Each structure stands twice: as C-alpha cells, then as structure tokens.
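Undergrad: TrEMBL feature annotations, pasted as is:
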- 24-47: transmembrane segment (TRANSMEM)
- 84-101: transmembrane segment (TRANSMEM)
- 113-138: transmembrane segment (TRANSMEM)
- 144-165: transmembrane segment (TRANSMEM)
- 177-197: transmembrane segment (TRANSMEM)
- 217-239: transmembrane segment (TRANSMEM)
- 267-292: transmembrane segment (TRANSMEM)
- 304-324: transmembrane segment (TRANSMEM)
- 333-351: transmembrane segment (TRANSMEM)
Amino acid sequence: MNTSVAAPGRSLIGWFLKPLPRLYWCWLLLLLGTVLTPLAAAGFGAADISLFDVARVIGKHLLGVGEPSAISERIVWDLRLPRILLAFIAGSGLALSGYVLQAVTRNPLADPYLFGISSGASFGAVVSVALATGLGLSSAISGVSLPLGAFIGASLAVLMVLLLAGRNIGNQIERMLLSGVAISFMFSALTSLILYFSTPQATTSLLFWSLGSFARASWDGLGLPTLVVLAALLVILAFKRQVLAMLAGDETAHTLGIRVQRLRVSMLLLCSLITATLVAHCGGIGFVGLMVPHIVRLLLPGQHPMVLTALAGGLFMVWVDVLARSILPTQELPVGVITSAIGSLFFLMVLRKRGQ
C-alpha cells in the first residue's frame, strides 16, 4: 500500500527534474523575456529611470495604483513604451518575413532588405512624402499615402525580382538574390536622388527616418502595424504546412497538391505588405529577417517554429533600439545602422559557412 503511494510521488519528482527539451526552454525564456523586457528597456535612455519608477508608471495606467512623478510618467508612458512596442512589432514582422522568404525561395540568404523589398518600400514612402509636401496635402491624407506608397514600391520590387528570376524560380535561387541586391541598389539610388533635391529640413528628417528609427512612435500609430503583423501571422500559420513543404523543392510540393507559383507569389506579396507597413512607420531596417531565423534554426536544428521566430525578432529589435538610444550620451543612432553593421558580418559568416 505504501509502495503504491510512493511510486507516483517519485515519478512526479522525476518529471520535474527531467531535462526539458531545448524547444521548451526557448519558449520559456522568450515568453519570460517578452513580459520583462518592457519593464527593463523602458529604464534606458538619455534619462535613466529606475525599474521601480517604470513599474509605478505602468501600474498607474493599467491597474490604477502607484503615484509616479510627472516627468517619469511622461518619459515612460508617452515616449518609451510606444517605442518599445513598435520596435517589438517591427522586429517580429521582419523576422516573420525573413522566415517566409527563406522557405518559399529555398534561399537561406533571403531577407526583405537583400531582396530589395525594403528599398522599394522606402522609395515609395519617400515619393509619397515628397508629393504630399509638394501638393500641400493634409496630414490625414499623408498618413494614408505613406503606407500606400511604401506598399506600391515594395510590390514593384517583388515584381522586378520575379521578372528577372524567370519562370523557374525554384531553380534560380542565386539569381533571385543577385536580382534583389541590384534592385535594392537601384531604389536606394533613386531615394538618394529625391533626398538630394529636397529642402534641407526635409532631407535631414527623411534621411534619419530612412536609416531606421522608432523615435516617432506614439500610441496612436501602433494600430496599423500591429493589425498588419498579427493578420499576416495568422495567414502564414494557416498555410504553414504548404510553406514548409516548399523547402523540399517545387516538385515535391507539386506532388502534395500545392500550387507552388500561386503560393510563392502570394507569400512574397504578403511579405511586401508587412515590410511596407513597417517601413512607413520606422524606416528601412535591414538584416533582421536574415539573422533571426538563422539563429533560431541554429538553436533548434531541424525545427521551424514560426511564432517563436517572431518573438525572437521582436526581443532582438527592442534591445537593438535600447543600444541605439543609449550608446551615445547626447544623441541616438539610427537603428538601421546597428542592424546593418551586425547583419553584414552575419551575412559574411553565412556565406563562408555555405562555401565550406
């Protein structure tokens, strides 16, 4: 009788002490990081704010408890928390786009930046801003034209990549990458040309924005990027089996009843929508879609956790933004400069590994 009681107890203790699979640890750490990161990241910046003051501000607005100082409340709630949330949304969306692009093109180097999608979106956004300024349009119309122009530019970049790659895209992996790089340079040159002929004030603002920044984040501006990224995540989750089947090649996907060309073009346009929306709100940020899916695959070989990749991208971008606004005492760096510096080294490492 005692043995029957002790055995379940020992098995329960053994279950708790049993090493968890690496996937569970990654989920646990990322979920914990997602909860704690806003508290920690909101304290960094030109004015250091303690963790307790951050907790008081959040407690006042969410729970109605706590009495923070007016300055702390202004900095944390009005400036830093919207910025942190936008950075998380942007990182999640870019990592998700890289995940999908690498799957549907079977190219481990695929990324919205390297495929020219980010540059096309930046060009479209700059054109829409220039037209809105030149025509004297209202801020409401400008707010609509900016993401629309970015999406048109991103879609144009995708169309050009598809045309240059030819019909048999599945066997044109390197050609697609080279086409994307060439298109990226072309749109970057056109964007620079527009900036050159702009007024000095507009040039300074657009240049800083084009390099990637979350400085203009606000609570009112979080709605559209959040809606687009969440909707895109749900769509991609619904087609996850088909997307991952394309990693085995077009012929294998065809045998499974997948309309390969239609799915590939649809996913490319969906990635264009994600990238365009994010570019319209925070400028061009490169290499996130390249690095984060690779890092997740290194930690979890043989697995393709989509939601986990999105969470990792969000946390990565939040802490890059913390670094951008904290590394210099009197000013902040554009986020895109830091991601490009890290991403270029990562890109060379991936190329070296593939060469070996």
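Using the three backbone atoms N, Cα and C, a Cβ is placed for every residue, glycine included.
Help me picture these features in the structure, burial and contacts included.
TA: Residues 34, 37-38, 41-42, 107, 110-112, 115, 117, 214, 217, 221-222, 225-226, 228-229, 232-233, 236, 243, 267-268, 270-271, 274-275, 277-278, 281-282, 285, 288-290, 292-293, 304, 306, 309-318, 320-321, 335 of the same chain lie 6+ residues outside the transmembrane segment (84-101) yet bring a C-beta within less than 8 angstroms of a C-beta in it.
For the transmembrane segment (113-138), the list of distant contacts is 97, 101, 145-158, 160-161, 176-177, 179-188, 190-191, 194-195, 198, 202, 206, 210, 271-272, 275-276, 279-280, 283-287, 289-290, 343, 347: same-chain residues at least six beyond its ends, Cβ to Cβ under 8 Å.
Sequence-distant contacts of the transmembrane segment (177-197) (same chain, at least 6 residues past either end, Cβ-Cβ under 8 Å): 107, 109-110, 113-120, 122-123, 126-127, 130, 153, 157, 160-161, 164-165, 203, 206-207, 210.
Same-chain neighbours of the transmembrane segment (217-239): 78, 82-83, 85-87, 89-90, 92-93, 96, 100, 147, 263, 267, 270, 273-274, 277-278, 281-282, 306-307, 310, counting only residues six or more beyond its ends whose CB sits under 8 Å from a CB of the stretch.
Listed by sequence, the residues of this chain that lie at least six past the ends of the transmembrane segment (267-292) yet keep a Cβ under 8 A from its Cβ atoms are 86-87, 89-91, 93-101, 104, 109-114, 117-122, 124-125, 146-147, 149-151, 153-155, 157-158, 162, 208-214, 216-217, 221, 224-225, 228-229, 232, 235-236, 239, 243, 309, 312-313, 316-317, 334-336, 339-340, 342-344, 346-347, 350.
Here the transmembrane segment (304-324) has Cβ contacts under 8 Å with residues 23, 26-27, 30-31, 33-34, 37, 41, 44, 83-84, 87-96, 99, 103, 214, 233, 236-237, 240, 244, 285, 288-289, 291-293, 295-297, 332-335, 337-339, 342 of the same chain, all six or more residues outside its ends.
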Undergrad: Below 8 angstroms Cβ to Cβ, which residues of this chain, lying six or more residues outside the transmembrane segment (333-351), approach it?
TA: 87, 108-109, 113-114, 208, 210-214, 282-288, 290-291, 294, 317, 320-321, 323-325, 327
